[in-house]
Amino acid sequence: MSQFNNAFTLFLSLLVEAMPFLLLGVLLSSVLLLFIDEQQLITKLPKNPLLGALVGSMIGFLFPVCECGNVPVARRLLMQGVPTPVAIGFLLAAPTVNPIVIWATWTAFRDQPEIVVLRILLSLVIATIVGWVFSVQKDLKPLLQPAIAKSWEYNFVPKQELKKATPTSPLLQSGTFLLNQPGQMVRMDATVLQASLAATAPNKPLSDRLRLLVDNTIQELRELGAVLVFGSAIAAFIQVAVPREVILSLGYGPVTSIIAMMILAAVVSICSTVDSFFALSFSATFTSGSLLAFLIFGPMIDLKAIGLMLSIFKPKAIIYLFALAAQLTFLFTLFINLQII
Amino acid sequence: MIGSKSKRKQAKLSPNQSKTRAWLFTWLDVLAIGAWGILMLRYWLTGKLNLLIHPDYFWLVISGGIGLIIIAASKAWELLRRRRNSGTATQHVTLFPPGISSSLLLVTAIIGMTFTPRVFASQTALDRGVTDSLGATRAQPQAFRSARNPEERSLLDWVRTLNVYPEPDAYTGQSAKVQGFVIHPPELPPEYILISRFVITCCAADAYPVGLPVKLSSSRQAYPPDTWLEIEGTMMTDTLAGKRQLTIQATSLTQIAEPENPYEY
């Protein structure tokens, strides 16, 4: 019973802490949808995969959200048809490479500025590499959830088709259009079309835009909120079921400490905005490389984020992302522990 | 083409049915989001928020709660207005699949409202491993207030001080007055307890226990686990479980109520 109580307290504390960030992310994502001409932004993104991945990794600077907030934005970007490396770069780097997180990390590790610098640098490098690797897959559809895949493809189709097909009441018509695909996530399709609507009708009155903003916020809050509930429940369960001692006792060596901290990062699912404070509590007992591994890997992949990412990607894609990010993080931080770089 | 497809689809539901369903599901969204806003503010207003997160992040939760309520309220207002005007409801919402997501959110919020978060207790501390070391990690300014009167140090202050200068003999004879809850670690002899507190950095998910052993004059059975005590005594060095440790030789033990804010920061 007390275990259950603890798990529930953990669960609620994760949720209560993550909910404001989720709200912030969803709001920003909705504002991005309605008040920024994404088509413009997308046309300005570099076509070169490597450069695109790098630019994508730095878009986080415009959207100071943590990993619960960046998923809706990444999803939105993908739905708008941004090139893959950009979206992947953003997804992996945005939770770390943004002003709020940098500030928080700096606050925590003032005594070790190298941790702050290396965290940002390595996150950028890893996100860029993974984004670049993903650029090999030109057709993203097999990796995306069906609804996202549809809109991704849809946005790759020249815009004229949409205009031709858009009758007098585009909202109504377009909303029903995608509902015809059996077994699809209908609401997201509605969002896509709202997005297209917003993009094709930039001069809509402000009141309409605000209404769409609220609708979109509610839609994403509902979807991502439910996934967050799920992820937090799993994280809480594992934290209670597996004594933290077991995870920590995995070792203090250059290799084992990194592995232990990466597992901890994935299990604890702590928000990137606050994870540096969490990592701080290990800075005496753990190697710098392992702390970095925690700070770099945690925001990219953790149990909670996997839950959220499932709203974009099929499990296969998440396994690729997970494996690539984990290996790169491990290699780089091992180099640091062994003082190779 | 698109138009005809949509007509076919819509024919499956009578307009009234689908309108009512959409209306219900939208209200479910409003309720779920509103409930979360209320839950977050409620934790704050009832003082339970400090069981869940660090006070530094209260403002985030409070503004998040207010934000959620504003969103729910604006949608509710729109729905009410729309209902009065009737018939203008956008039909693209009429075919929402059953509101599983909103139900999940709503149910979680309701359970959250009925459930009182619990302070972690001695068993959790034992599971997580109580320690008298922090690492230079939490090198907060307090850690260096060695000039502070020893009896004014809280348990965490002691642990922080010990971290800066770990030799237990350095503190021998200093008087101590600390508050915390009782743990009966199996590895300590029966006349020893561990006086402990949980420290949180951000939220309950990262709560970790710190503690110091206390030497009693009698068996620890008089002080069952999880009892909150204020302990006065003097510092000494003891060898416990094969390790030299800073120990409080208790002179007085007073049972106290669980503090409103059981964590230390």
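Every residue, even glycine, has its Cβ placed from backbone N, Cα and C.
What TrEMBL says about a protein is an automatic prediction, not a curated fact.
As written in TrEMBL, here are the features:
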TRANSMEM  A:12-36  transmembrane segment
TRANSMEM  A:48-66  transmembrane segment
TRANSMEM  A:86-109  transmembrane segment
TRANSMEM  A:116-134  transmembrane segment
TRANSMEM  A:224-242  transmembrane segment
TRANSMEM  A:249-270  transmembrane segment
TRANSMEM  A:276-297  transmembrane segment
TRANSMEM  A:318-340  transmembrane segment
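Ranking A:12-36, A:86-109, A:249-270, A:318-340 by CB pairs under 8 A with the transmembrane segment (A:224-242) puts A:12-36 at the top. Taking pairs at least six residues apart, the transmembrane segment (A:318-340) and the transmembrane segment (A:116-134) share three or more Cβ pairs below 8 Å and count as touching. For the transmembrane segment (A:86-109), the neighbouring stretch richest in Cβ pairs under 8 Å, chosen from A:12-36, A:116-134, A:249-270, is A:116-134.
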